[in-house]
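The following features are taken from TrEMBL:
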- 34-59: transmembrane segment (TRANSMEM)
- 71-92: transmembrane segment (TRANSMEM)
- 130-151: transmembrane segment (TRANSMEM)
- 158-179: transmembrane segment (TRANSMEM)
- 211-231: transmembrane segment (TRANSMEM)
- 237-257: transmembrane segment (TRANSMEM)
């Protein structure tokens, strides 16, 4: 009984792993392109780092959050966003595959369509984003006086952040099964919301924004909630939030993508 349930998961994991390895091999054939894209991934985050440094040279805190805590906030979001480029960047091609009928081929293969699509591309900018995001987060961690005792909670928060980010982008890209187009507008809107709101304390925003980012589209659990728990801005019981949000996001992503596949009628229809 166990074999019938674990074999499909193992097979899907194998397909995903082989596809990602193939993408990495392709990247290594063009090292110049890799360094250009990785550097591009660093640039925006360097600007964010510079902005926070200049801001906190003028003010001691923002809504009770200090400089190093804000670096952790931005760093964790950057790592999560960069990880999606490395782990499931192909999911952004859902709309293109739907329009061109390229989902047909993937439906006939013995592996989940979402796994095949997600692993069809790697965003090289993600290497730079993850690297610089980790630098920001670690620098903020040390500056905020976080000790080794908080590392398990930090690792849990990081893992959940990556899962939530990948799942939410997958879910929103699946909207292209119904709203045809090459651009995943709803996913772009989510990223814009994150970069404009989730790099700042939620206390600065009205209740409607807090409600949406906590319970409708739980992007607050990507970086704000785990960092707020680690730094004492939220109680420790909030630590159950990221795993719950991660589980809910994965279920939603799988459910929406499956519904999209059921409604899929190939190209030209």
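Glycine too: its Cβ is placed from the backbone N, Cα and C atoms.
Bear in mind that TrEMBL entries carry predicted annotations, made automatically and left uncurated.
Here the transmembrane segment (211-231) does not lie next to the transmembrane segment (34-59) in space: the count of CB pairs under 8 Å, restricted to residues six or more apart, is fewer than 3. Fewer than three CB pairs closer than 8 A are found between the transmembrane segment (71-92) and the transmembrane segment (237-257), and contact between the two stretches is not assigned (pairs 6 or more residues apart).
Listed stretches 34-59, 130-151, 237-257 were compared with the transmembrane segment (158-179); the greatest number of C-beta pairs under 8 angstroms is found for 237-257.
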